[in-house]
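As recorded in Swiss-Prot:
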ACT_SITE  LYS107  active site, schiff-base intermediate with DXP
BINDING   GLY168, ALA194, GLY195, ALA216, SER217  1-deoxy-D-xylulose 5-phosphate binding site
Amino acid sequence: MSCDEKAATSSDEPLRIGGLRLTSRLIMGTGGSTSMDTLERALVASGTQLTTVAMRRFAAGPRQSVFEILQRHRITALPNTAGCYTARDAILTANLAREALDTNLVKLEVIADEDTLLPDPVELVNAAEQLVANDFVVLAYTNDDPAIAKRLEDLGCAAVMPAGAPIGTGLGILNPHNIELIVDRANVPVILDAGIGTASEATLAMELGCDAVLLASAVTRAHNPVGMAQAMKMAVVAGRMARTSGRIPRRRLARASSPFDGIITGRVRGPRENDSL
C-alpha cells in the first residue's frame, strides 16, 4: 500500500463512541436556527450523522420537527443537558431524555454562569460519575483543562469535549496547546466543542488531533448556513487527512525544496554570512 493510500485509509477510519460508528467526524447542533427548512438543508449539506438537541426545549410544537428531520435523514439524536447549572438538574434531564428518546446517549453540559457558558467542573464531574454509574454513554462538555478532561475519562465518559472558546463566541481555539495536551493524554475520543467560527478553525481542531468537531452557531448563524455547512464538512475532512498524513517539522531556518546542484550563477551563502558587499 502506498503512502497516499495509507493516509487516505487512516483518515477514513470511522469514529467509534460507545456503540456508535460514525463515518462523518462533524457533529452538528441545532441551536440558533431560525428556520426548520434551512436547518434541514444545512444538516444534509454537512453530512453529519450525529446531532445534538437540547432536551429542555423538547415539547410539542415546532421543536418536534427537529426530531422528524433527524429521523427522515437517519441522523442520530444526541440529547444534551444544555441550560443545567447543577449536577442534579443535569441528571434529571438525562433521565428524561432516556425515557423520551429511548437512548443512553447524553451530551453532558453543566454550566457555571450565563455570561461565559463555561462548565462548572465540580458539578460536571459529580454528574458524570452518577450518569456513568447509571449506564449512560456520556459525552462530557468540559473546559480546556487537561486534568479535568483526564478525570472525566477516568470516571468512564465515552468522550471528552473541550471548549475551544465560550459557546457562540466564534473566537476559535484560544488555547491550542491545551487541546493538544488533552489529545495526547486521552484514550477516548476528543471532540472540539464550542467556539468555532469558520472552516479554518474546524480544520485546525482536526490538525491538533481532535477526533471530531461539534458546532452549531458557526452554521446556524452564518449568512449562508447551507454553504457554511458544506465548508465545515470539507474542513473537517481536510484537517483529519492533514493530521494523519503528517505535517513537516517546524524549522528556524529555511530549507530549499530544490537542490542547489547545477546553479549557473551566484553562490549560496550560509546563514552566518554578511549580505553586505
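Yeah, the Cβs are placed from backbone N, Cα and C, and that goes for glycine too.
One way to see the shell of the 1-deoxy-D-xylulose 5-phosphate site is to take the Cβ centroid of GLY168, ALA194, GLY195, ALA216, SER217; the remaining same-chain residues with a Cβ within 8 Å of it are GLY29, ALA165, PRO166, ILE167, THR169, GLY170, ILE196, LEU215, ALA218. Local packing around the Cβ, expressed as the count of other Cβ atoms within 10 angstroms, is greatest for ALA194 among the binding-site residues ALA194, ALA216.
In this structure, the CA atom of LYS107 (active site, schiff-base intermediate with DXP) is 13 Å away from the CA atom of ALA194 (1-deoxy-D-xylulose 5-phosphate binding site). With the fewest other C-beta atoms within 10 Å around its C-beta, GLY168 stands out among the binding-site residues GLY168, GLY195. Binding of 1-deoxy-D-xylulose 5-phosphate is attributed in the record to GLY168, ALA194, GLY195, ALA216, SER217, and the widest Cα separation among these residues amounts to 9 Å. With a 10 A radius on its CB, SER217 (1-deoxy-D-xylulose 5-phosphate binding site) counts 19 other CB atoms from all the protein chains. Residue environment of LYS107 (active site, schiff-base intermediate with DXP) contains 28 other Cβ atoms, counted within 10 Å of its Cβ in all protein chains.
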